[in-house]
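Engineer: Sharing the features that Swiss-Prot gives for it:
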DOMAIN    40-213  domain 'FAD-binding PCMH-type'
MOD_RES   His79  pros-8alpha-FAD histidine
Amino acid sequence: MATVSELCCAALNTSIGNRIAFPGSTAYNESLSSYFGVNAQLPPSCFVLPLSAQDVSVAVQTLTSQPDPCFFAIRSGGHTTSLGASAIEAGVTMDLSGMNTTTYDSSTNTAFIQPGARWGSVYETLLRDNVLVPGGRTASVGVGGYLTGGRNSFHAARVGLACLSIKGYEIVLADGEVAKVDQDSHPNLFRALKGGSNNFGIVTLFDMEAFSTEGTIWGGTVLYDISTKDQYIAAGTAFTDNIPNDPYASWVGMFAYNSTTDQTAIFTSLAYTRPVQSWPQAFSEFYAIPNITHTLRSATVLDLAVENSFPYGYRNVLQTGTYSNNAEIIQKAVIILNNQVKMAKLRARGKDYALFAIVQPWVPLFWEHSEARGGDVLGLERFETNLLNIAWDYSWDNSADDELLYELAQSAREQLDEYARSTGAYNEYIYLNYAGRTQDPLRGYGLENLEFLRRVSEKFDPDGVFQRLVRGGFKIDRA
């Protein structure tokens, strides 16, 4: 007897058969293997491989009209590490990777980007017209999940978080309607989609305001010895406070342990988004620290995004928190990381794993123009001081270590949260795109925004399709 999910796939095969991939087919295997994290490769009963908004609409109408519930997941790039957010076992996964085009209209200065595109291809297309949009700092990241979660970029200090550059959406709603959404036509839904993740529908096109690029930018990766950490941490906190004085500069700091070398080092991603020939003044304190090696040069955003790409083929977990910008928080994160390394050495069964504590500035300049652009639901306007996002990014090769690494990542974040609360440095905001499966980023947006999300969901999805049937990700009804 066929299972419910198999019956759902059979119905899809009738309504949109040329867009369905079943187990054992080449298309099915290619889709399953293309997730960033191996542990995210949950095998569905079938994949839907749409090429248009109409394909998505037919699929949604089919899935929501069956006598038994058809559970489904939605993926664009498959880069999320929150289990089940973009995949489902024994259900239906809608893989948007075939919807991957980018076009640019110079008359309106608008980039039209489909959700299955990767940021590398987006940049490659837009740079032909000497324009860009704020997007992923890693070439392989998909557009859809990135933009519906808000997202930071190389250009955040100049143009705001990436979602704020969205002028309009094409979205398939719960009843299958293909709707055009902007600040004038659907102001509440427009706002809710900026940070609302997969709670309202399936976005099939993003209309983004572009900006002119001055050609090459300057940046790359710098490697420092861990012995420089005190000077490095001081440089990072000073840089964060200085961002308003030079919004072209961006910094990501990574304290990283790799089991294959048994070494902890400091990796730094620097970018200066206008042409310069050497270290800009904004990075002077990093320049003063002796480095082991670096790749700093004049390059394109595409070049840096390719360089920043992490290898596929590993298992992965993320946890994240937000804190006041101060050196003590980063120092505590390094202490926690060192203790985590000791635990991993004692308990890990695999020999190939990496533990990263990643530090990034979050400053009011990133969100200060939100309301003028239709608003968002991130709730960051509550905060007027400079913040840090610290993410625990762990990868490993042996499935026997899954629970250990999940436990360690969560423990690291909880320990830093506890320390931050005790020192008055804790901030309730949780960056959705880095949040772990045990976290609640929607509640971190603030209760007012959470209630707003509930009202918008009730209006545009009264039957709760994207709460009940799309169970993965961070859901409003579970916040």
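Any Cβ shown, glycine's included, is placed from N, Cα and C.
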Engineer: Taking DSSP three-state, what's the residue listed as 'pros-8alpha-FAD histidine' in: helix, strand or coil?
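Structural biologist: Where the residue listed as 'pros-8alpha-FAD histidine' sits, the three-state DSSP reduction gives coil.
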Engineer: Counting across all protein chains present, how many other Cβ atoms fall within 10 Å of the Cβ of His79 (pros-8alpha-FAD histidine)?
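Structural biologist: That number is 25.
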Engineer: Mean pLDDT for the domain 'FAD-binding PCMH-type' (40-213), rounded to an integer?
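Structural biologist: Mean pLDDT, the domain 'FAD-binding PCMH-type' (40-213): 96.
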